[in-house]
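> Got a structure here, written out as structure tokens. Questions coming.
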Amino acid sequence: MDDSYTNFPTSHLVGSVPAVVTEEKNSYKPQAPAANSPILAPNNGPNAGRGYQTLGGEGDGQQSTNKWNGVFSVSSYTEYFNVDTDLVLNRLMSSLNPTTGDFFSKIDANPDLYGLIWISTTLVFVLSSIGNCATYLMQSDSNSSWNFDVNYVNVAACSVYGYALLVPLGFYFLIRYMGISASLIRFWCLWGYSLFVLVLSSFLLIIPVEFVRWTITIAAATTSASFVALNLRTYVQSDDLMIILVASFALQAALTIFIKMWFFS
């Protein structure tokens, strides 16, 4: 009896499942996107329901933030003060010999802001102190009392720092407007070292002889203005070069005459 149950065909039973015939099907194999196809990332931000966003959006914002952080970081400007004594002395001597016109070639590999900061600061303190000494010597023969004029410090700081920062910035935008490539750091370096001759002339302007003072002023103005103009001539190649040279010469000479009129009159 047991053999009758075992030999019973199962295909006639109610609820039996027929054998499944397997067939070879074409399987789907996902392929990696091409190298030049854009890769989209899911938008997980506040607008998550608006599909996908391109990769790099947040990276661009991060790069912009890092760029502005570099502008206000002191470490970003340390390379412009990486100079030694011999290099600074060489550039100072070049400012006293304006006829060569090769200052930009000397600072091309390593422009510095030493002249902009330290020479300008030295000129401010020299004008404030020597200017008061000059007024003391001029009034020593008279019976009028002499007082130290603190306003000399304010006027010297505003005029020197304002000139050393804004005038090169103005020429930089002017030259870039003409379609000529320019470097603001190199312009600041040039104008900064051009003030060195004014530091030396300020010590000589203490002489209480008006004719000698004006002679020193004219010599200092010519040297400083020629240093700027002749170096700009080798740097800028434009049809409007004469306008740039005349403007730079006039502004540099005007600063020297202003120093004479205000601090040593």
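Just so you know, glycine gets a Cβ as well, placed from its N, Cα and C.
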> Name the residue range among 30-49, 70-89, 110-129, 130-149 that TrEMBL annotates as region 'Disordered'.
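Result: 30-49 is the stretch TrEMBL calls region 'Disordered'.
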> What stretch in 113-138, 187-205, 211-230, 242-263 has the biggest tally of Cβ pairs under 8 Å against the transmembrane segment (150-175)?
113-138
